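According to TrEMBL, the protein carries these features:
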BINDING   55-60, 163-164, 188-194, 213-217, 282-285, Ala340  GTP binding site
BINDING   Ser59, Thr194  Mg(2+) binding site
Amino acid sequence: MPLLDGLKSRISKQMGNCSSSSELSKRNHRIDVEIEKSKRDEENSIKLLLLGAAESGKSTVLKQMKIIHDNGFTESELFQRRTMVYSTIIFSFDALMKIVEALNHQFTRKDFNDLAEEVRRMANSKDAINSLSDVFFHTMQEMWQDKFVQYAYQRRDEFYLPDSTKYFMESLERINVKDFTPTEQDILHTRVSTMGVIEVNFTIKNKLWRVFDVGGQRSQRKKWIHCFDDAKAIIYVVALSEYDQVLMEDGATNRMQESLQLFSQVVNNKYFTDTNVILFLNKKDLFEEKIMKDRSLRLAFTSYTGPDHNYKAAIEYIQNRFFLANHVPNKQIYCHHTCATDTTQVRFILDSVLDTILSSKLKGCGLY
């Protein structure tokens, strides 16, 4: 007996011949309606992929998308994220204490040494940090004002230190209150490694935008690339300010070179041949600060022959190196220079980017 006849026979036995025929027809109609709805939903949705090496700022871009286009964070969501703020403070201060240690400084105050030891223990723990004591905050504030700690901070370009360290050290008094609720700026400055895939959805111009932030650490990368071959566009985020730093994973590889290599793998990958690519050269403010000091771009690119202490020449050189990494004929790469924690600037750039992606999608459908 054919499959459909068998299905009809089973339904007939359960519901009676007349009623089952009518019910089967209704069910088939409902299935057809669902299929059509799924097709329309697919046509009206745009999958956008956020990629970049670890600590490039792509997760900050995703948070900005939520703030700008997804009604931001509720008071409850902000309050729940206070543990992220505490963890970032601990992680940042521990990194600062490692610089102090590397510079062979010894504190003479016992409470300073005790706090440094406690911070190290907390930084190495996997337990969530739900609160910090008044004494903890006050001692940390005093340590931040210590002359040698400030000297260690000024030497930060030679070591690893999270970008948000100064922001949180100067916010300790504000954060040390009962029932502390983070601001959106606090959330933008928190540091949380992306493990796996995080998705944010929002609707603009009658299109559902599905944005995926994919883990940037080496161990995460091979897991995702084949899963997003239907992405309409990729936003690839580069941390400009990391041109003079090495990977935490191996302590040797230059971070800018690592990011450039990953970009080359993405832009030339067979899965993304026809995918729009938008390049965010991020942390431009920190990059300019370094370039205007004595941190030469040759630390990342020995072939750089442009002038030192010249932000414009340096950023144009980096942009060109990323463009040259593309070997796909006629593939256009759109580039923006960004500061991902600046909501006003990111809002303007995202509007431009989303319009670019939308017009490209319409052209591909023959509708534009």
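Easy rule for this one: first residue shown is 1, then count along the chain.
Cβ atoms are placed via backbone N, Cα and C, with glycine included.
Since the structure is predicted, the reported quantities are computational estimates derived from the model, not experimental observations.
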**Message:** Please give me the CB contact count at 10 A for Leu188 (GTP binding site), counting all chains in the structure.
**Reply:** 22
**Request:** Determine the Cβ neighbour count for Ser59 (GTP binding site): the number of other Cβ atoms within 10 Å of its Cβ.
**Result:** 24
**Message:** What's the number of neighbouring CB atoms sitting within 10 A of the CB on Val192 (GTP binding site)?
**Reply:** 14
**Item:** Number of Cβ atoms other than its own within 10 Å, given for Glu55 (GTP binding site)
**Value:** 24
